[in-house]
Amino acid sequence: MTQLSRFLYGGDYNPDQWPEETWSKDIHVFKKADINSATINIFSWALLEPREGKYNFSKLDKVVQQLSDANFDIVMGTATAAMPAWMFKKYPDIARVDYQDRRHVFGQRHNFCPNSSNYQRLAGELVKQLVERYKDNKHIVVWHINNEYGGNCYCENCQNAFRKWLKNKYKTVEGLNKAWNMNVWSHTIYDWDEIVVPNELGDVWGIEGSETIVAGLSIDYLRFQSESMQNLFKMEKKIIKKYDPETPVTTNFHGLPNKMVDYQKWAKGQDIISYDSYPTYDAPAYKAAFLYDLMRSLKHQPFMLMESAPSQVNWQPYSPLKRPGQMEATEFQAVAHGADTVQFFQLKQAVGGSEKFHSAVIAHSQRTDTRVFKELADLGKKLKNAGPTILGSKTKAKVAIVFDWSNFWSYEYVDGITQDLNYVDSILDYYRQFYERNIPTDIIGVDDDFSNYDLVVAPVLYMVKHGLDKKINDYVENGGNFVTTYMSGMVNSSDNVYLGGYPGPLKEVTGIWVEESDAVVPGQKIKVLMNGKDYDTGLICNLIHPNDAKILATYASEFYAGTPAVTENQYGKGRAWYIGTRLEHQGLTQLFNHIIFETGVESLVCDSHKLEITKRVTEDGKELYFVLNMSNEERTLPSKFTGYEDILTGEKAHKDMKGWDVQVLRN
């Protein structure tokens, strides 16, 4: 990470939506809340370039000057995320064609074709103008490329580029036919121009990314689209670095996470990871924690919380107000898991457009005596006090959960067994086990180094690409501990099944093979017997044959009662567990009590009293414990922290933690 010079507190500011005479007053209000940064120019292309090649930076010049004079740090957008109307009129090929084969017209955003040479040229020219103009302004601390990349395109530009991409990957049509198993349903091709993009008029149906005839085609197209958008990012970054090689460059990741963009592939090109976080009102706290751990783990460095909501959002089906104290707790949750910034959308609430009811620092009332503003000012004061200590500190984890976009795509393309396969939910089942025990956890990809961890958990590792099995075997053989589950080791990187019984190349390390998989229908409960107690399970039940593995749990109902449900296998110096069914939370907790004991993985605090507790370590080795009450019920601080200092207030830690209370403690 290119180190930020201070902890950023601020967010998206759109002064181009407001009269110039209001800007200085806005900045004065921001300063009252100890806000020190603003993200600008995200969607200003139409103002900057009203006609092709005719640029007008007069308004942006004034905005930059006023923010610089106020000593604000500026996150400068490149404005390429939403195109002006004239571009659609002059260059129709710029507009993306969606999954239903409809070419978009002017409107919304995420509306460009990533393989349009006209878009690439015009975006590049705008970025060049922008960077040449502002490259020497030292108040610009981050360049923010585009915004929340997404929106796959299925146009002729993309189809032609996809054919070239496939030719480069497979070399011959014979190689492609073999990889995609194209003898199914007379799909064999004899020329590259016979390949068509997988939209609803062809081999796919249902929600985008959910149903396909030829999984190899559909997965490769998602890889291609993610790479195409990444190439746009790389193009803009190259231009920025030519004129400003020092200032860090990012683009904001988003979603739960965004399924269509492989952030692990993108991470190497980011100087710093940034993320937009908008948990729904009913999302459990561990879900947001997982996403923050994923963002931190992409580069194993602190990240930017680029966007979040002071209170309500405008686009979710239901958006209750954040309760008193809840905003501070949710912002500090991001910091606890690795964020070095707290930034909002938006700093000033719009009067029009679809986001006019999205909460802001300056609300429509334009008052500073409101509940939300007072809470924002209190948060600003605490970040001003604690930010210098927190900035740059890191998380050290000995547990890793494997999350992989190719598995995300292929797992949810599975046609058969059950329609209820959900990759993220399956991962969260296992993340929750460590979250509730306050065990620091990294979220890693299949290409990351496993040897850094005492325990690696790879739920639903459906796709095992070439070489991954050897990597897992070597890790376990050398003393590592590995957990995998049902729907693992089933297919190769083209989504073709491994023969010889499941879990395919993972049979050796797990010491089992799976004969069949039963779907558990809605409303049905299957019992699993473990340590003399029955536990409910669902979704899928693997019928397991142990080879070398010992049995930890058996099914207690259905015709496969008495057969293994969970196994443990000694392999070299390490062990591998196989969980053949989706145990409900109580049963999974019982199982992980055993696994965690056996592996020696330690919790930060044993008597957590239902508090979320994480730890960051500063460069000089000081430990910072983030203690968060992510509920509206009163909790008790663990006795371990008696006498610690709360760096948010400078006072001693307090024992009774009211709802949404936060303490950041050091000894």
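Placement of Cβ uses the backbone N, Cα and C atoms for every residue, glycine included.
Taken from Swiss-Prot, the feature substrate binding site covers Arg109, Asn147, Trp315, Glu355, Lys356, Phe357, His358. Non-local contacts of Arg109 (substrate binding site) by the CB criterion (under 8 A, 6+ apart in sequence, same chain) comprise Phe43, Ala81, Ala82, Asn147.
What Swiss-Prot records for Cys113, Cys153, Cys155, Cys158 is Zn(2+) binding site. Cys153 (Zn(2+) binding site) counts 27 other C-beta atoms within 10 Å of its own C-beta, drawing on all protein chains shown.
Here Swiss-Prot flags Glu148 as active site, proton donor. In sequence order, Ala81, His110, Asn252, Phe253, His254, Asn258, Asp276 constitute the residues six or more apart from Glu148 (active site, proton donor) in its chain with CB-CB distances below 8 Å. Glu148 (active site, proton donor) falls within neither a helix nor a strand when secondary structure is assigned with DSSP, and so counts as coil.
Per Swiss-Prot, the feature active site, nucleophile maps to Glu307. Listed in sequence order, the residues of the same chain lying 6 or more apart from Glu307 (active site, nucleophile) and placing their CB within less than 8 Å of its CB are Gly11, Asp12, Asn252, His254, Asp276, Ser277, Tyr278, Gln343, Phe344, Phe345.
Under DSSP, Glu307 (active site, nucleophile) is assigned to a strand (E or B) in the three-state scheme. Calculated from their C-alpha atoms, the gap between Lys356 (substrate binding site) and Cys155 (Zn(2+) binding site) amounts to 33 Å. Cys155 (Zn(2+) binding site) sits 35 Å from Phe357 (substrate binding site), taking the Cα positions as reference. In this structure, of the binding-site residues Trp315, Phe357, the smallest number of CB atoms within 10 A of the CB marks Trp315. With a 10 A radius on its CB, Cys155 (Zn(2+) binding site) counts 23 other CB atoms from all the protein chains. Each residue contributes its Cα atom, and for Cys158 (Zn(2+) binding site) and His358 (substrate binding site) these two points are 35 Å apart. Ranking the binding-site residues Lys356, His358 by how many other Cβ atoms lie within 10 angstroms of each Cβ puts Lys356 at the bottom.
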